[in-house]
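Worksheet for the structure shown next.
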Amino acid sequence: MTKSKSSLSTVNYITGISDGMLLPIIPCALISLYFGNDLTEAFVWFTITVCLGAFVYGFARYSGEKNEIKHNHPSIAKEESQKDAERLKRIGIDESLVNEMMQQVKKEQEDWLKEVRENNMDWESLDLKRAGRSGLQTGLGFLTGAYLISLPFLCLILSIFGIVAFLITEFILMGLFGWLKGKYIRKNPFALAITQVILGFSVLIVLAAAGYWLLENVMHF
């Protein structure tokens with residue numbers, strides 16, 4: 001059982017880092033443009049932004065696990081399924097059709113539980129403390145990834161010439177954590193790594209174009 005918890009913790013943290021390196025790119029870039037050369041103020045806003053993002057992301061992970069178990073676990077969702085069946089009968093749905101639908105729901109729930117056991121997810125019971133830990137681990141991972149992606153923009157504020165080297169490093173890290181995410185969630189690691197890098201590059205291209213347009217047409221630099 002310890003191995004299962006350790007594995008799930010790793011998945012939570014790696015997933016958080018992977019998404020944390022991608023989602024905050026836009027706010028980080030906007031902050032760096034808005035605050036110019038004021039590193040202290042920019043860093044404060046970076047921190048506020050990524051902490052809020054980490055909280056929302058971690059809470060979403062907590063709520064997702066809780067609701068996933070409540071709605072899909074065969075024994076926990078049994079009462080809810082019965083209520084759904086009664087509602088369908090009350091509105092005039094044929095009883096044999098309702099029973100057929102409930103059998104399909106039961107099969108899907110059993111398949112879900114089988115997948116949970118195969119992936120050592122330890123979701124065989126509803127444990128809010130475990131869900132809270134998962135949310136915290138994912139949020140911390142998101143925070144880590146967000147700070148990693150903020151480094152090039154802090155360098156941009158300081159006008160450090162090594163910005164290109166930092167960006168190359170960021171893309172390497174995006175690919176690495178995308179690959180790890182795929183490995184741990186049992187999806188194609190290379191496909192996720194490439195997708196992560198392409199998404200990051202695409203966002204940066206759009207931001208660069210938008211920033212150039214703002215400087216030329218709005219700020220008149």
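Quick reminder: no glycine exception, Cβ is built from N, Cα and C everywhere.
Looking up the ranges 135-154, 155-174 in TrEMBL, the one annotated as transmembrane segment turns out to be 135-154.
Panel annotation: around the transmembrane segment (12-36), residues 42, 45-46, 49-50, 53-54, 57-58, 61, 134, 137-146, 148-150, 153-154, 156-157, 170, 173-174, 177-178, 180-181, 184-185, 192, 196, 199-200, 203-204, 207, 211, 214 of the same chain, lying at least six beyond its termini, place a Cβ under 8 Å from a Cβ of the stretch.
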